[in-house]
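A.B. asks: I'd like to ask you about the structure that follows.
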Amino acid sequence: MGPRGPWATSTQKPLYWKLSQQENFSRMRLKLTLNPNFDSHYEASSLRDNQGYYTNQQQPMGHPPPVAAQVALHREDSVPEEDLPGPPPAGQGQRPDSPVGDGLKPVVDEECDLVTLMKVVRGRFQATATMMRFSDLSPAREGVRQDFCYPLSVLREVHLRRYNLRRSALEFFLVDQTNFFLNFTTKTRNKIFGKLVSLHPPNLLYSSMTRSPADVLKASGLTQRWVQREISNFDYLMHLNTIAGRTYNDLSQYPVFPWVLADYSSEELDLDNPATYRDLSRPIGVVNPKNEAEVKAKYENFVDLTGAVEKFHYGTHYSNSAGVLHYLVRLEPFTSLHIELQSGRFDVADRQFHSVEATWKMLMDSPSDVKELIPEFFYLPEFLINMNRFDLGRLQSTREPVGDVCLPRWARSPEDFIFKHRKALESEHVSLHLHEWIDLIFGYKQKGPAAVEALNVFYYVSYEGVVDLDSIKDPIQRAATEGIINNFGQTPCQLLKEPHPRRMSLEASLTGRPDSKPPSLFLCLSDFKAYVIEAPLGCPVVYVCIPRCSTAKSSFVQPHGSTTETLITVGQDGSLGLHGWLPYDRTRAYPNYFTFDKDPTLASPKTARKISGPFDPSLEVHGRLFAVSSDAKFLVSGGHWDSSVRAYSLLKGKQVARVILHKDVVTCLALDMCGMFLMTGSRDTTCILWELNQQSAQGSFLPEKPFQILCGHESEVSCVAVLTELDMAISGSRDGTVNVHSVRDGHFLHTLQLPCSMGQPHAAVSLLAVSHLGYICVHSRPQNRSATTKGGHVLHLFTINGKYLMQKEVSSEVSDMLASGDFLISGHRDGSLIVWEQFGMNPRTTLSLGSPVASLALSPAQSHIICSLRDGKLIVVGVAPAPR
């Protein structure tokens, strides 16, 4: 019944969307999902229009009455040693037959609350040696139940959390980027934490959990990596938010990001002009110097006769429930939450977030509103669009209806705004001053004399240790106090008590880094250099890969994993090469470049590892027929004459699994970044999702039964991609369509229809690449390709939610491409290698390699591109070494 079904034209109905809870590896929630229970909220609009302009709910929030009960002793949040077991032996996890539990008997069995954006659900949490489960204890009549169950093996991290300023909660992070937030009692939380750790789940990062947030940050090495420009400003801020307890699961502790720009009125945005930027050394309330005297006077003149309330500069907070909902009102589920906060109606239009420039002016004109930003301002264009067509009212002054957010003149579209805004966040100016804002929010200027001097003291109820809820015996007073804390906002955990170090300038980071840490290619687009690997590899290489080590264990403490020091190649004849690889030169002959040690088994046919069985003779052998598991133990292959999918042990070079389910030859395949799913596409027009089991014996790595079978194409499937973290399986076909399905339930989501294929059946999809920032790039070519075909090769750019952005014709067919962040790398049959800035499809660097490109790989640290050519050469592209 979808748009690809036989009755599509007669059943088309308006589609309504809501934000999915799925996150990518930068903790961006990019994906929209269908909203089957859509509510237009006409009643909420009517109530707004038919009631007075001011109500009690709309008036500025008054200060809550002082509460005398305070926490007697305030220490950093951590688990006492007596509640912690010893760490497991290196490389060992809990086995199902471990004596800690029998796999069925609960080791943990406690009542708790599941904290979600929409509601708090009373339930019971149980954990055995193999599973963890939440059972919803709310009455059966109360809507959709929240029961869930996960294998313990998918647990990656458990973090200590606060809820309503009490140290009573835990947040669980799974290997597929799912997370959930449970609130216990302050007396039981640490014991539950200790019992979970005692089970030694195989993917659990023990080192990230045993200390206070400040200690976690120190142990992670993230600050040093950020200073040396190994991670982006966005990623570092998100890491800080996560470590400090900020969470998408609780509106009162939502992640906080800074306003970085001060220019929202110019026709063009000049990121090289310091005047374009906000002063990051000052709280948002005094960025405008004219507000400074008023803020100082408020602090100095404040007197509380009860003695319970300390002096403060601001009576509101930079991050609270109302502020988050103010920004996200156009997007469900935040629309419904906004209406709930406003007593069943929309707020009046003039107080809605209707213009970026107007919001900034309001912040500059008065220190009474001190809202900072939320992460969505740097990755989610959809929150700026009223795609569900809610009636948000009319502005009093102009009587114009409030619809999409009015963007600055320098932004041509919501996507353009997000792209430029993220570019501003990553700019050199912000990079050199971001530490000053970190000092205010997470650092030494958050509390104490430094906060007073920096004009950075907020109302007392936002700080931990001021109110002891457990000492309040009156249930009515306790509920009222919890409501105040929940709505007013909470200051993050303090991570630093000394000034945060400044980030290195780009020039210093390039010249001052050690040889073992070459710079990212994307920092030095004008300094590319190509080297030919001299060691002959025999027949032409059709697939090349530098795998990461166990992606499942990557987290904000170890966000990028590390290289396995292995470069894997597959020859056109099926020969397997496991070569030594380092992203720097051991011999220092070429400082900052690379080390390549050829696999000695390729020297002789007797010792060479080889894929068994011939490939289908009608199929061109290409890199999309192969994939390597994230732990570099297995290689999966397609393209075989018997329509099978096969798995090989890379170490032994032997086949360990062979499964036949497709009815025709497998034409492409891909593995996800989580190491959980394999996706295969076939000439039979179907795709199959396979759930992998890397914890079991080699023979069961590739299962015999499929997880999902996906249909919807009318011709051969030519390319696939699977993003388990976003619950998306994407497939392209020679029929000119790209279909998107969900991974977990196999539901069809939407079709990306190429403009060139509408009424022109000659265009075929041959390649696709998906960026973690939310771009899908598709390459199309003429249906009947021949060696003499010229023209008709086009790159198309979509958002991850299916919006078509643009197309760019290229002079030569793309033979392989891959995406990384804002960039796309394409290798062409005319021998060119091009690095594109994806948004706008602007070519930034072009190299001529002299022979058609067969396959591309990007090193885990983004320091090198490996290119295999059809003439048998292997090329390494990196940044030319800096002069010493």
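Cβ coordinates come from backbone N, Cα and C, glycine included.
Keep in mind it's a predicted model, so treat the numbers as computed, not measured.
Okay, these came from TrEMBL:
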- 101-197: domain 'BEACH-type PH' (DOMAIN)
- 211-503: domain 'BEACH' (DOMAIN)
- 77-105: region 'Disordered' (REGION)
- 659-700: repeat 'WD' (REPEAT)
- 710-751: repeat 'WD' (REPEAT)
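Map the listed features onto the structure and describe their local environment.
C.D. replies: Through the fold, the repeat 'WD' (659-700) approaches residues 25, 153, 175-177, 202, 550-552, 616, 618-619, 624-631, 633-634, 636-646, 649, 706-711, 713-725, 729, 731, 733, 741, 743, 746 of its own chain, all at least 6 residues removed from its boundaries and within a Cβ separation under 8 Å.
Each residue of the repeat 'WD' (710-751) gets a DSSP state, and the totals for helix, strand and coil are 3 helix, 23 strand, 16 coil.
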A.B. asks: Per DSSP, what is the helix/strand/coil residue tally across the domain 'BEACH-type PH' (101-197)?
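C.D. replies: Helix, strand, coil within the domain 'BEACH-type PH' (101-197): 12 helix, 49 strand, 36 coil.
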A.B. asks: Could you count the residues of the repeat 'WD' (659-700) that DSSP puts in helix, in strand and in coil?
C.D. replies: 3 helix, 19 strand, 20 coil
A.B. asks: Cβ under 8 Å, sequence separation of at least 6 from the ends of the repeat 'WD' (710-751): give me the contacting residues as numbers and ranges.
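C.D. replies: Hits for the repeat 'WD' (710-751): 2-4, 20, 22-25, 30-31, 33-34, 176-177, 624, 667-674, 676-683, 685-689, 757, 761, 763-770, 776, 778, 780, 783, 798, 800, 802.
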